Amino acid sequence: MTATATRRTRPSPPPEPAAAPDRARRRDAGKLLLILGGTVLSALALVVSVTIGTVGIGFLDVVEAVRLRIFGGTLEADFAQAYAVITELRLPRVLLAFIAGAALSVSGVLMQGLLRNPLVSPFTLGVSPAAAFGAALVITLAGTNQLSPWATIGGALVTSLAVSAFVLVLASVRRMAVATLLLLGIALTQIFEALTSALQFTASENTLQAIVRWTFGSVNDATWTDVQIVGAVVLLALPVTLWFSKDLNAVAFAGDDAARSFGVNVGVLRVGLIGLAVVLAAVVVSFCGIIGFVGLVGPHIARLVIGADHRHLLPFAALSGGLLLLVADAVGRTVIAPAVVPVGIVVAFIGGPMFVYLILTRKNALK
Amino acid sequence: MSLSVTDLTFRYGRRQILDEVTFDVASGQFCALLGPNGSGKSTLVKAIAGVHRPASGTVTVDGTDTATLGRREHARVVGYVPQHGDAPFDLTVREAVVLGRTPHFGLAPTTQDWAMVEDAIERMGLGDLAERSMSELSGGQAQRALIARALAQDTRVLLLDEPTSALDLRYQIETLQLVRQITREQGISALIAIHDLNHAARYCDQVVVLHGGHILTDGTPQEALDAPTLRDVYEVDVEVHLREGVVEVRPRIDEHGYTLTGSQIGSLADAHVAFDPADEPVGARR
């Protein structure tokens with residue numbers, strides 16, 4: 001052997017230091033604390049957000065109303081009006097805002113991870129234009145703006161889910177590469193935007209107003225039924241995403257080939273979890289209209305705080321997205337009170353600059 | 001025999017990439033997989049790694065047919081190091097290496113998983129960089145992190161797909177020496193797809209030359225690397241020397257500093273280009 005070959009680059013490894021794995025576990029515990037802290041903060045923010053509005057309601061009033069609502073008790077006559085405002089108007093809207101934000105943010109994390117691209121959002125595969133077209137079609141066919149909300153919700157949900165199913169079936173049958181999938185999403189977005197524009201062009205004054213109003217994402221008409229349905233979808237989806245978070249890590253960080261070599265069924269995982277992501281997005285869009293940016297910014301904020309590991313990122317992104325939409329709704333209700341700015345508009349005003357700030361200040365945020 | 005590949009055939013659509021490839025790599029052996037671009041090296045590595053499903057043929061590890069194993073079981077037996085690991089998201093070296101434990105843990109890594117990760121990081125000399133972000137590492141360090149990931153996977157077979165192609169000389173040599181050392185210490189079978197003939201000759205115990213989806217030669221570097229075969233495979237006029245017991249391959253240069261390549265090889269008097277039709281690339285035969 002020559003001199004270069006005999007000089008070993010590294011000595012044999014020393015016996016395992018016991019401290020290092022403990023450090024790793026402590027870091028995991030720290031991240032769980034962050035998630036716990038975020039949950040407490042979210043609960044406080046929800047209560048505070050209920051107090052905001054034209055009818056003066058205090059922090060303790062909210063706690064009392066929730067206590068009465070859940071555990072029952074006698075409702076004092078002088079508290080009846082505040083109780084009605086809290087439980088029938090404010091609570092459903094703040095809860096729907098929070099849940100919708102959480103759903104979009106989790107959906108964004110899934111899409112970004114599975115498509116291995118930090119710039120995609122829940123709407124990348126054409127979910128929101130398809131939903132908007134479905135709602136617009138129902139409004140146009142009915143020819144009135146006095147439609148039951150269930151009709152537009154149904155129209156939006158059916159078209160957005162059908163389009164997503166079409167994309168996913170095509171992707172799995174043709175074994176599409178990620179780039180092809182993204183291009184398909186762009187094409188579908190263009191097609192459905194054009195279709196909606198065509199409907200708007202032919203619409204009457206009344207229906208045109210209804211179509212345009214629908215596209216402003218808002219939680220103004222939130223009901224307990226909306227909260228229950230969207231909430232149930234999120235509560236079912238979150239544990240499923242957490243169960244697969246390890247496999248999601250493998251695909252997002254190591255790529256398809258390496259993930260397969262780690263024993264991950266990449267094809268099934270990708271189609272299954274993208275399916276879940278588009279269902280989350282489609283349900284939110286159908287109930288609230290188009291709320292952009294949360295699905296893009298929510299995941300990035302969460303990633304900056306808690307890191308990219310999906311085991312912690314998924315729950316934390318639910319909190320960050322929920323809080324973002326909660327704050328946006330609170331701002332929308334106060335900025336030109338008593339008028340209410342739809343949350344979809346406010347969140348773009350808050351999320352846009354925030355995103356620009358993230359891009360410009362953290363070079364690693366998008367790497 | 002630790003890793004045993006028998007009659008492995010692989011097709012992309014109608015195009016045949018690998019044609020009944022058969023070879024063995026014993027435990028503790030470091031085997032180089034050589035061949036020009038498009039010879040099927042990468043495909044062969046991925047087929048053994050379980051990334052691609054072969055059309056026919058078997059891969060056995062310590063006598064077990066890997067096709068009978070579930071995905072996770074397979075991943076505990078065969079590890080794979082890709083050419084590069086560009087992650088679109090930023091993560092630390094430790095987070096990158098723990099990915100190798102994916103087939104071993106359930107929802108969260110256990111203390112034992114973290115111990116394996118730490119051990120792999122130390123072995124690759126990345127101890128001081130464990131908390132660094134992957135994007136801050138140099139090419140050589142990032143490549144070592146990928147190998148650490150495969151070490152943490154704790155497999156009987158280690159496959160490497162051109163891990164040295166983007167590295168400078170020092171990191172090429174360090175990487176090869178590390179893999180050789182690990183192979184001997186752990187008694188695993190390592191297979192590396194590589195372009196550099198001299199590195200293969202120096203650091204590997206066995207050399208397999210792949211050409212057009214066929215195996216042309218298989219043996220020790222001295223046995224497998226002979227000038228006529230290499231001229232035939234690479235279409236470059238080379239000469240092979242034995243220097244201090246190690247095979248050395250060099251392009252043969254005439255007095256004008258010119259080396260014959262491609263079809264010019266045929267004009268050589270001593271080319272020994274014995275063209276057996278069976279040796280013709282499968283892709284060309286179609």
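Note: Cβ is positioned from N, Cα and C throughout, glycine not excepted.
Automatic prediction, not curation, is the source of TrEMBL annotations.
Feature annotations, reproduced from TrEMBL:
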REGION    A:1-24  region 'Disordered'
TRANSMEM  A:32-60  transmembrane segment
TRANSMEM  A:94-111  transmembrane segment
TRANSMEM  A:123-144  transmembrane segment
TRANSMEM  A:150-171  transmembrane segment
TRANSMEM  A:178-199  transmembrane segment
TRANSMEM  A:273-301  transmembrane segment
TRANSMEM  A:313-331  transmembrane segment
TRANSMEM  A:337-360  transmembrane segment
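Stretch with the largest number of CB pairs closer than 8 A to the transmembrane segment (A:337-360), among A:32-60, A:94-111, A:123-144, A:150-171, A:313-331: A:313-331.
Across the candidate stretches A:94-111, A:123-144, A:273-301, the maximum count of CB pairs under 8 A to the transmembrane segment (A:150-171) is reached by A:123-144.
Same-chain residues lying 6 or more positions outside the transmembrane segment (A:94-111) and placing a CB less than 8 Å from one of its CB atoms are 42, 46, 49-50, 120-122, 124-125, 219, 222, 226-227, 230-231, 233-234, 237-238, 241, 248, 273-274, 276-278, 280-281, 283-284, 287-288, 291, 294-296, 298-299, 302, 310, 313-314, 317-326, 328-329, 343. Highest Cβ contact count with the transmembrane segment (A:123-144) among the listed stretches A:32-60, A:273-301, A:313-331 falls to A:273-301 (criterion: pairs under 8 Å).
Note on the transmembrane segment (A:32-60): residues 66, 81-82, 85-86, 90-91, 94-95, 97-98, 305-306, 312, 315-316, 319-320, 322-323, 326-327, 329-330, 333-334, 337-338 of its chain, located 6 or more positions outside it, place their CB under 8 angstroms from a CB of the stretch.
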